[in-house]
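To start, the structure itself, in structure tokens.
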Amino acid sequence: MLNFSHFDALSVDLKGSNLIEASAGTGKTYSISLLVVRLILEKQLPVNSLLMVTFTKAAVAELESRIRLFVRMAYRSARGLPIPEKSIAAIVAHAIESASRQQVIQLLKEAVLLLDETSVQTIHGFCQTTLEEFALEADLRYDPEIATDASEIVEHLVDDFWRLNVTTLPAEALKLLMEAGKLSKADLSGAVKNALEGKFLYGFEPAGDYSTDASWMAEVENTMRSGSPEQMDQLIRELPRRLIFGAVRELLPAVAAFKQERHLLTYDDMIEKLHAALVKNKSEQLIDQLQKKFRAVFIDEFQDTDRLQYEIFSTAFNHPASVIFYIGDPKQSIYSWRKADINTYLKATHQVDRLYSMNHNFRSSERMIEAMNQFFLPTAGFDTFAFGRAAEGIHYTPVESPKPNGKGLFMKGQSEDQPITIFEVSRKPEVIDPLVAQVTLLLSKDHYSIEKKDASRSLTPGDIGILVRTNTEALNIKQALAQAGIPAVTIGEAKVFDSPEAEYLLYLLEAFESLSQGAINKALLSPFTGLALDDILKLNIEKAAELFRKYRDLWRQFGVFQAVKAFMADWNVQGLLLSRHTEMGERTIANLYHLTELLHKAENTKKRSSIELIGWLRSAIKGAQPADDEFELRVESDEDAVNIVTIHKSKGLQYQVVIAPYLDMITYNKHEEVSWRDPQTGQYMVGNKKALSPAEKVLWQDQLVQENRRLLYVAITRAVYKCFIFKVNMHKGPYSTKKSALAAFVDPLQRISGAPISFEPCPALMSGYFCASSSNRKPTYAEATHFKLADLNWRKMSYSSLSVFHEASPKIHTGDYADEYDQFVFSDLIKGAKTGDMLHFIFEHISFVDATRWDAIIDEALTLFMPRYKETYSGQLRRLISEVLNSPIHLNGDRFQLSSIDDSRRINELEFDFPVPPVPVETIKKYSSPDHPFDIGRHGELEGMMNGKIDLFFEHKGKYYILDWKSNYLGDTPECYAPEKLNQAMNENNYHLQHLIYTAAVDRYLKLRVPNYRFEQHFGGVIYLFLRGVRAGSDNGVFVCKPDQAFLTGYLIQKPK
């Protein structure tokens, strides 16, 4: 067993490498701050030559604040002024004895002046500043953009992969896969993200065959068509694995290429880059620069680091002149899901020069310390953290109380209460009522009090911390406390984008943008307004629409924050929600403000348009959100309230009274995917538990038990005076608690008499102890109502990335128009992208066969795109629709009009993605002809994904057509849009390249959906309508063609998989 020396911040040697094992409540932040003062005075190190690295931004703020305070106090003490900290005064006095008072004053004065240059950082902050400052030494050849992680990139690429490899599966296979719930986009995203984070996917073979090519697809089709039931079952079991591993194989290099192309680095990338420079490449220049810059280093929360992080510091500061302290507590290593590696900590204990332990608990009362020691060591030699006979492990060493303790007593009535009380229930759902009853008793007058010397006080809500495992548990408890009238706030890892408010806000922004009545109604049916469906049906529709137009205009003029702010004012959102104080109103308003701030930041930092911002929010809700503190739910109120905190979030916190209702943690895992660490390599493994070998399953379960024990330790050690524990006695089924983490301690404790731990019956839930129950208002909605509405407003063009635009021919302006309509389309109708967007919107939303809704669609389009022209454009736009829908189209020897195309036979904005194999640009150009020329603005080879959306795809008499709406201005007479003139416009705008790409996409689409598909038989052709020149009864403005099939079977497109 390792030999740890007692740590004393006032006398420990300030040299070499040191590891300090600091048990809970032993004051490590205090000790680090004392060591900083000693280094300034004894080693005469400038404060900006000291580096402090800790785990979270909150910890950075706390440590930096403490260091500033201690340095200023030391400076005050050196000048002979009184300070409250005796330890600091002792350090200063010792320094004055060794030097002179004036020298000490000067050292501390300089330290105070340099406090703004103090380096207290997270690991990611340290890596970023190092890579920026020493880019040459780290071989960083560009100025990168920093992203928290690659979530947004992954979600985008997974969408593409899903469309190409999942939606193209045979219909029956896809149906069975979805019904079985075996695969989702989240599964693919999760696997790719795990791999990006360095987690090894169990069963994944880098050289394995996970392709989903045409031969494999044919095999799937054959199995679904003629395979036995057993073969089909086997296929459905195999499909998720193949698709997940295929996504990992294909998307990892795609993510890397995306980041490289955009000079993007994630937090993990920064760690890997710095590790590569220091450890792999052994950059002596970088090591030398870091050692010159930082003479002493403190790595706080060391138990939560991993191998790469440890090797960065152990390599960079492995020098006799460097001083490095690793400070942590392996008993509190509970972040394995964030890649915290307890094996790295254990390895470091053998590599540092000196080992120290901190075992004086300054947090808890003397009786609570006694009870904790009894709880964690109920019998001699008890294996507290379940490491068994392993050579390496974590052990519990009894902690001591400082003398004197000074915390006083925790009283129940007139006598001192036992520090730990254990309640027993039969099932988990039975915990809530006695928990609320106990909180009520704690807050009731004369039931419980804290006594110090001659002073005594009752408990307040803020004295109580309820520690839970999950955010759902927190929500359930908060709602129960609310019904009892007890104020409570939640603190956890939940992300604000996962909240119901995020979806409601998305509905609101979509209503601002579209202004459709359906979108407005959906936005108003939310807790923000408190309106029910009946209320909405009684609303003044015109007034609501007018308000939403105002919000949209505010958004476009001043930004999203002002638009949401105006909505909140008009609908009294804050007043409504806060009037529901005990019904989650404060949480809703906190989330709404938080989300609006994040949207404001996203809008301004990336200059996102309203459509782009809506897309950003939608992606974040789906999961494309970085793992950043910025996105975690904020505390909803700063009033005195019971804190409901997840155990993970409780580290570093303390409460006078802790209630721990859910410590019966078991190894049963209903999820198929599990994770564990390879103890030999340190590799983080992720895999399906059914695929594990017996030895691997034991390893996973052992590590899960160990972490559950550590979670239990963290929860109980938050208590200053008292801890209430609920134990569930459920002895049957997969959720049996007979071997839970808690049972391992409680069972031997029940056999001990005289311990400072009591077993008591659950308190009964009674009203009247604290305050009256909540009002009878109907509760706000717990989750967003889901509507099945068509997504009608897609638009994206992509051929432009390849296209070369030629110089346009001069346009003829006569100023002499045949009628008012000609003047409208050739002169009054403004030229530019906004007109094109408006016309696309109209033709996307109208019915070709029923004119009933035309006026409403025209009004909506003008409101959305050109509100200034509503009066002048409305009538003429109606005529434009009529002219276009009744213009003859001649193709394939057939003559038809769009007015004959039923709505059920058309798809607006058909999106496509297809892979382009490596092909020389010059090879593709061979398909350009004098009649239909095109050019490509690239050289060399093309390869990758082709993406785009086709304005209109429709079927007529068994043939399928592509149609594109064009608002181009070619001149101000109908003759300027004659067929021979349109060829010139097609050439100048390189539209032939566009329609060839579209045809390639549709050809692929039809092969997968039309039985016995043949291009010549089923593909009708391409139609470009130049809307300004189209006239009923005339060919003007209508360009038609049918591309050569040779192009499709040539080099641009692979066969469908």
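We number each residue from 1, going along the chain as drawn.
Cβ coordinates are placed from backbone N, Cα and C, and glycine is handled just like the others.
TrEMBL: automatically predicted annotations, no manual curation.
Since we're looking at a predicted model, the values are computed, not measured.
These come from TrEMBL:
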ACT_SITE  D964  active site, for nuclease activity
BINDING   A22, S23, A24, G25, T26, G27, K28, T29  ATP binding site
BINDING   H840, D951, D964  Mg(2+) binding site
DOMAIN    1-365  domain 'UvrD-like helicase ATP-binding'
DOMAIN    388-652  domain 'UvrD-like helicase C-terminal'
REGION    793-1057  region 'Nuclease activity, interacts with RecD and RecA'
Study note, to complete from the structure: If you tally other C-beta atoms within 10 angstroms for each of the binding-site residues G25, G27, the top scorer is G25
Review point. Per DSSP, to which secondary structure element type does K28 (ATP binding site) belong, with helix, strand and coil as the options?
Key: helix
Point to revise | D951 (Mg(2+) binding site) and S23 (ATP binding site), distance between Cα atoms, whole Å | key: 65
Review point. Any idea what the Cα distance is from A22 (ATP binding site) over to H840 (Mg(2+) binding site), rounded to a whole Å?
Key: 66
Review point. What kind of secondary structure is H840 (Mg(2+) binding site) part of, going by DSSP in three states?
Key: helix
Review point. Is S23 (ATP binding site) helix, strand or coil when read with DSSP?
Key: coil
Practice item. May I ask for the distance between K28 (ATP binding site) and H840 (Mg(2+) binding site), taken between their Cα atoms and rounded to an integer number of Å? Key: 64
**Study point:** Average pLDDT across the domain 'UvrD-like helicase ATP-binding' (1-365), rounded to a whole number
**Key:** 91
Check your understanding: Cα distance, the residue listed as 'active site, for nuclease activity' to G25 (ATP binding site), nearest Å?
Key -> 69
Exercise for review: List the Cα distance (Å, whole number) between D951 (Mg(2+) binding site) and the residue listed as 'active site, for nuclease activity'.
Suggested key: 5
Practice item. Using DSSP reduced to three states, classify D951 (Mg(2+) binding site) as helix, strand or coil. Key: strand
**Study point:** Densest Cβ neighbourhood among A22, A24 (binding-site residues), 10 Å radius
**Key:** A22
Review point. Using a Cβ-Cβ cut-off under 8 angstroms and a sequence gap of six or more, which residues of the chain neighbour T26 (ATP binding site)?
Key: M358, N359, H360, N361, F362, V399
Exercise for review: Please state whether DSSP places the residue listed as 'active site, for nuclease activity' in a helix, a strand or coil.
Suggested key: strand
